[in-house]
Amino acid sequence: MKFFLLLFTIGFCWAQYSPNTQQGRTSIVHLFEWRWVDIALECERYLAPKGFGGVQVSPPNENVAIHNPFRPWWERYQPVSYKLCTRSGNEDEFRNMVTRCNNVGVRIYVDAVINHMSGNAVSAGTSSTCGSYFNPGSRDFPAVPYSGWDFNDGKCKTGSGDIENYNDATQVRDCRLVGLLDLALEKDYVRSKIAEYMNHLIDIGVAGFRLDASKHMWPGDIKAILDKLHNLNSNWFPAGSKPFIYQEVIDLGGEPIKSSDYFGNGRVTEFKYGAKLGTVIRKWNGEKMSYLKNWGEGWGFMPSDRALVFVDNHDNQRGHGAGGASILTFWDARLYKMAVGFMLAHPYGFTRVMSSYRWPRQFQNGNDVNDWVGPPNNNGVIKEVTINPDTTCGNDWVCEHRWRQIRNMVNFRNVVDGQPFTNWYDNGSNQVAFGRGNRGFIVFNNDDWTFSLTLQTGLPAGTYCDVISGDKINGNCTGIKIYVSDDGKAHFSISNSAEDPFIAIHAESKL
């Protein structure tokens, strides 16, 4: 009995770090700005059969409808109420999506905007996605309801009321982030309204939350809110399951607020990951892929079991957030596929794949003046995600998660789950390879010359299908074939001019 109790306690303590994905599913995808009806379809027709574990959805609660500029993506980070009513859909559509995705084993993670309400300069009225009245000037949000008592105006000590100095941890938490009205999260009433919103989502069936702007909330206030949350819906999750929590904290070093301040609440976004990996794959600042041998904690990242990792996110793919120009995105497709491939093959962290939309980039003095542009739309109504005959997406939806190289690496990660990082090779430059136990092996050529070498893969003998150049279909391979001999060795040849200069094989790609 003692042993059982000990296990139970450990299980309980670790609960918020576990993603609640179905057994054998190891990644989630951010379907940025997608409509709930399209996500429900995507769960059924693509994500479930391809082995994706879940979807991070855009904030589902009512937000300001901003018309200047016209309907920017960031309007969704300006809450008006906790009604489930946005451009992505209403509450019925949200419930339908959660049910349909859970029924095929794909989880839903909500981007929860709980640090603040709308900007202080937004005009009073009903320009909101559900028509609720709000008056930022008088701190009046009757659809919640919040009033002047529920904000941090009295606590913030800066002249402007906004955050002015990131070296002052107190103002980062108690003042307004770019003018957004900062909620008084130490008040039990405010905590209760937020918990009520999150519990509504949990009861519908969501599996966890991305906590937006966690750096701007005191870790103790977050904990107090999490302590009020329900267990997950037992229709889909084991009894007693806790929501998966991952907190958005931008910590590139050099500031008093650290990612580690938040480990007690759940996982944390590791922004160093994409910033550093982009620098390495771009070969900037003398970086090379051979240096990736001790990738992860060896690079000064947080512990693997606390990290949520990604190559790019909705902020830094358009120059917001962290990482600057080193961040790789779908605009840099060749290098991007290599970076995502490396991330999905490497055991560090819990992985999130990005799925974007195109927008008309326009650089002036190094800045994209169109970085605000919202999702593909007809006069403000988000466009359907159409699927082309070749399985790519139309209507300016990029759907990186459907690119063969990325989708197949999501499966690679599932196949090698739990296997150690083994058989590292590098040429001292940008040709590297590594295995995952006896289940998978991947080789990269990011040098300006051909790679041709026999390497120890650790895999059983046989013919394998490279899942980067093709697919294993009915026992045949549409891409490059790799022959592993009885001693586990295989010859790899990768031209530096190859469309995708990397090769990946795994136990389930064996012919």
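Placement of Cβ uses the backbone N, Cα and C atoms for every residue, glycine included.
Within Arg176, Arg191, Arg210, Arg439, the residue that Swiss-Prot lists together with Asn313, Arg352 for binding chloride is Arg210.
Same-site candidate for Ca(2+) binding, as annotated by Swiss-Prot with Arg173, Asp182, His216, chosen from Asn103, Asn115, Asn120, Asn285: Asn115. Record source Swiss-Prot places Cys101 in a disulfide bond whose other cysteine, from Cys13, Cys43, Cys175, is Cys43.
Disulfide pairing as given by Swiss-Prot: among Cys13, Cys85, Cys175, Cys130 connects to Cys85. Counting other CB atoms no more than 10 Å from each candidate's CB, the disulfide-bonded residues Cys101, Cys130, Cys175, Cys393, Cys465 peak at Cys101. Within 10 Å of the C-beta atom of Cys156 (disulfide bond) sit 20 other C-beta atoms, taking all shown protein chains into account. Taking Cα separation as the measure, Arg210 (chloride binding site) is nearest to Gln16 of the recorded positions Gln16, Cys43, Cys393, Cys477. Non-local contacts of Cys399 (disulfide bond) by the CB criterion (under 8 A, 6+ apart in sequence, same chain) comprise Ser355, Val385, Thr392, Cys393. With a cut-off of 8 Å between CB atoms and residues at least 6 apart in sequence, the same chain places Leu226, Lys242, Pro243, Phe244, Ile245, Asn265, Gly266, Arg267 near Gln16 (pyrrolidone carboxylic acid), listed in sequence order.
Taking the centroid of the Cβ atoms of Arg210, Asn313, Arg352 as the chloride site, the other same-chain residues with Cβ within 8 Å of it are Ile28, His30, Gln56, Asp111, Tyr246, Glu248, Thr269, Leu308, Phe310, His314, Met354.
For the disulfide-bonded residues Cys43, Cys85, Cys477, the largest tally of other C-beta atoms within 10 A is found at Cys43.
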